[in-house]
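Reviewing the structure listed below.
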Amino acid sequence: MWSVTRSTGDESHVAAIGTGLGIEDRLEQSRRGSATARVSGPGLRKIRLCLPAVPASQGSCCLVVARPRDPICETESVLFVVGRLERHQIAIYLTGVAAGAGVGMAWPGSSHLLELTIYPVLGAVLYATFLQVPLTKVVGAFRDIRFLVTALLLNFAIVPVVVAALTMFVPLPRAVLIGVLLTLLTPCIDYVIVFSGLAGADSQRLVAASPLLMLTQMVALPMLLWLFLGAELADIVEVEPFLEAFAVLIVLPLALAWVTEALAARHRAGVAVSRGMTAAMVPLMALTLFVVVGSQVPRLEGRLEEVLTVVPVYVGFLVAMAFLGLAAARAARLDPGRSRALIFTGATRNSLVVLPLALALPTGYAITPAIVVTQTLVELIGMLVYIRLVPRLVPTTAGDKPARHAG
């Protein structure tokens, strides 16, 4: 426990604050009206926090006294660590990519083991992300019909036209083309939430949109493949990989996050878990990049010539979707947070989920999995650019600098 003493002229008001509360609680209260206080004392840094405002007649000068190991001080330490990691996140992520590529090339036999860790590690990242998205905000996002409709139109009306245009000007063998189509026609439902959050997007909109995007792509992908390729390969789409990804990467982490949120309201253990996962967010994302790149690089061995033919297509897609997503957001009159989320959902693809479909193709399509993997690698590098670019394309207000999370 720690105490707050309000100096209010002739009298002082002392309030006891529960140990489970942190800075976020004060900031939420400050939006409804607050007095500004400063924590100080022996062995403490001075930090600012907000407390519920006292009536105007009582004044608003506050002095907060806290012990070094009390929750408010621990929260400050977590925020300090998170801030340092976020300032260097691009370098940390690039290190993860480079290390994964190095391990994949030096020890190709490790790819199977690394591949087994992709879903658990990515699930941990999404769990940490969902801990920062309160349940009430996710529920509210389901009612955002304008965003959901715009996301569907962008992914299933505009994206196919872009893909048709890109593949029209680059002659691709059939086995290569189907790899391009499998990836570019399926919107991402997992790490898009993480990357968009790093760019300051309203990521809870993407949490709400994930089941809708998943179901729609399961229905739309066979029809789109039929339009592009004819009936021969339109029936390769299976529902199992999509359902597995949705259950492991969306439903399970989201449920665990909500349980942790409820626990944090009653027990300090829940608060500790939440703070720990917040501090681990950047290292976990770097670990995800490491295992994804390390597990997939060996698939490219001996196929460099074919792989290089599709890199311009994937880069062109990322460039085009940044500006088409921005145009769609403006047409729908979305606010900056939702606009950033829309740009990310239009650009990120579901390559990790459709890879099993590529692996299941008949003889003659051995190159297809490598084409899918190439998109993953190009997109991961592209996302590191996006988390800096998108906040500049969509500043929070006309004169604002890019969002803090952009690096």
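Backbone N, Cα and C define each Cβ position, glycine as well.
Please treat TrEMBL annotations as automatic predictions, because they have not gone through curation.
Sequence annotations record features per position, and here TrEMBL assigns transmembrane segment to 90-110, 116-135, 147-169, 175-194, 206-229, 241-264, 276-295, 307-329.
Listed as Cβ neighbours of the transmembrane segment (147-169) (distance under 8 Å, sequence separation of 6 or more from its ends, same chain) are residues 141, 177, 180-181, 184-185, 187, 205, 208-209, 212-213, 216-217, 220, 224, 227-228, 313, 316-317, 320-321, 324-325, 328-329, 331-332, 334, 338, 341-342, 345-346.
When Cβ-Cβ distances below 8 Å are used as the criterion, the transmembrane segment (90-110) is approached by residues 282-283, 285-298, 301, 380-381, 384, 387-388, 407 of the same chain, each at least six residues removed from its ends. Within its own chain, the transmembrane segment (276-295) is flanked in space by residues 78, 81-82, 85-86, 89, 92-93, 95-97, 99-101, 103-104, 110-112, 114-115, 117-118, 121-122, 124-125, 127-129, 131-132, 191, 194, 198, 352, 376-377, 380, which lie at least six positions past its ends and keep a Cβ under 8 Å from the stretch. Residues of the same chain lying 6 or more positions beyond the ends of the transmembrane segment (241-264) and with a Cβ under 8 Å from any Cβ of it are 20, 119, 122-124, 126-127, 129-131, 133-135, 138, 189-190, 207, 210-211, 214, 217-218, 270-271, 273-274, 350, 352-354, 356-357. Scored by C-beta pairs under 8 angstroms, the transmembrane segment (307-329) has its highest count with 175-194, from the stretches 116-135, 175-194, 206-229.
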